[in-house]
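Engineer: Straight from Swiss-Prot, here's the annotation block:
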BINDING   His204, Asp206, His353  Fe cation binding site
BINDING   Thr231, Trp338, Arg364, Arg368  2-oxoglutarate binding site
Amino acid sequence: MATLTETISKADKHDEKLTDFQYSKKIFNGVHEVEDDKQRTDFTTVRFGDVEKKFAVPKDYKYKNVLPTFPNAVYNLTGELAFEDKGLLADPKFSNLLKDVTKVEHLARDLGTVLYGIQLSKLNDAQKNELARYIAERGVVYFPDQEQTLEEFQELGQYYGHSHKHGSNSRPFEDKFAEFQVVYSDRFSPYDQHAKNNSLRYWHSDVSFEKQPSAQTFFKALTVPEQGGDTLFISGYAAYEALSTPLKKYLEGLTVVHSGKEQSEYHRRSGQHVRLDGDTNAHPIVRTHPVTGWKSLFISPGFTRYIPGIPRGESDAILDYLYQHIANLSQSTVRIKWTSNGVAAWDNRIVIHRATYDHLPQTRHLVRIAAQGEVPFFDANSHERSEDLRE
């Protein structure tokens, strides 16, 4: 078991009143530049094995054991994993899940809900099953003020199936939390200029390039900025339904190639250890959800590359159109404003998401756990969500 050692920097007293925004000088050539460390007291240097790194957190930071690292582990591709969707066991009226809810706040008509009064660590199996179905219908659900340890958060994610381990993104150093993906940034973090200049590229469904992309996904906020750092979600159900009938029919016969190679190479160029290279797989453009039976547009701009079987120019034109199409679905887009100890649960198969990249140099720290879902499929007998809602 690795141990953590830390030292705290000492600063000159006359510089102690610098704010984070004063400390952040400028953004230049994609790098978020910072002043000399001697001006600051509010950071800790943490050692993970032979690697030492600065973090803009206090010396007694509660979540030091889940700060981001790239340990020298090696992951291997596995065969197809069994997946039984817990939503298939759920009461479709959500009689167990909603009985203790004190307030239901829908963020949009068909996407996004905030549930108040529930503690995720107290859910029984019937409630967990209904949560799987609830996010299969609502896309993303937010739970504020969760009194939940990291171990309890991990147990919740593990309930839904084999927990995904990311091959290249940061994870905790300790193997006990190897299933967590760590999302962390602060004033020491590189700033990707593409986040401002090429926003469509940042919409994505997590690990859509894998043979079995993530299904039920849980994201826990540990430290949140005062402003910014929100997450936006778009409904794949709504994206499909907003297409013209001829285009729907055309797309239902096509697949699209998703690739994680570029993500792996980005980490490698950044000097970070890659545990498993991103895979490449073709998935249906129109996907059927196994619980709801609803059709969803399964496009992930961060990872989709081309449509096989048609000319590349035609493929590029179709994908460019679909990217613009989903980005313009303002009525089917919601924003999650993170609060400390809040948890978001979403169905990664039927929403895409992106961060807003507007919080730096403030610290943003979250951890994610997700179940690996089924191999994506299209069922010609599936139907649109709106058909059920009209009944």
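Here the Cβ of each residue, glycine as well, is placed from N, Cα and C on the backbone.
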Engineer: Based on DSSP, name the secondary structure state of Trp338 (2-oxoglutarate binding site): helix, strand or coil.
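Structural biologist: Reduced to three states, the DSSP call for Trp338 (2-oxoglutarate binding site) is coil.
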Engineer: Taking 8 Å from the centroid of the Cβ atoms of His204, Asp206, His353 as the cut-off, which other residues in that chain fall inside it around the Fe cation site?
Structural biologist: Trp203, Ser205, Ser208, Ser300, Gly302, Asn348, Val351, Ile352, Arg354
Engineer: How many whole Å apart are the CA atoms of Asp206 (Fe cation binding site) and Arg364 (2-oxoglutarate binding site)?
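Structural biologist: Asp206 (Fe cation binding site) and Arg364 (2-oxoglutarate binding site) have their Cα atoms 19 Å apart.
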Engineer: My understanding is the cutoff is Cβ-Cβ under 8 Å with a sequence separation of 6 or more in the same chain; which residues meet that for Thr231 (2-oxoglutarate binding site)?
Structural biologist: Phe219, Arg335, Ile336, Trp338, Ala344, His353, Arg354, Ala355, Thr356
Engineer: Helix, strand or coil for Arg364 (2-oxoglutarate binding site)? Use DSSP.
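Structural biologist: Arg364 (2-oxoglutarate binding site) sits in a strand per DSSP.
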Engineer: Count the Cβ atoms, other than its own, that fall within 10 Å of the Cβ of Arg364 (2-oxoglutarate binding site), considering every protein chain shown.
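Structural biologist: Here the count is 22.
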Engineer: What same-chain residues, at least 6 away in sequence, bring their CB to under 8 Å of the CB of His204 (Fe cation binding site)?
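Structural biologist: When sequence neighbours closer than 6 are ignored, His204 (Fe cation binding site) has Ser300, Pro301, Gly302, Phe303, Ile352, His353, Arg354 within Cβ distance under 8 Å.
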Engineer: Once near-sequence residues are set aside, which residues in the chain of Arg368 (2-oxoglutarate binding site), 6 or more away, have Cβ atoms under 8 Å from its Cβ?
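Structural biologist: Spatial neighbours, sequence-distant, of Arg368 (2-oxoglutarate binding site): Phe180, Gln181, Val182, Val183, Asp206, Thr217, Phe218, Phe219, Lys220.
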Engineer: Return the maximum Cα to Cα distance in Å (whole number) over the record's 2-oxoglutarate-binding residues: Thr231, Trp338, Arg364, Arg368.
Structural biologist: 14
Engineer: 10 Å Cβ neighbour count around Trp338 (2-oxoglutarate binding site)?
Structural biologist: 25
Engineer: If you take the centroid of the Cβ atoms of Thr231, Trp338, Arg364, Arg368, the listed 2-oxoglutarate site, which other residues of that chain have their Cβ within 8 Å of it?
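Structural biologist: Surrounding the site, in chain order, are Val183, Phe219, Ala221, Val224, Gly229, Asp230, Ile336, Ala344, Ala355, Leu366.
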Engineer: Counting across all protein chains present, how many other Cβ atoms fall within 10 Å of the Cβ of His353 (Fe cation binding site)?
Structural biologist: 23
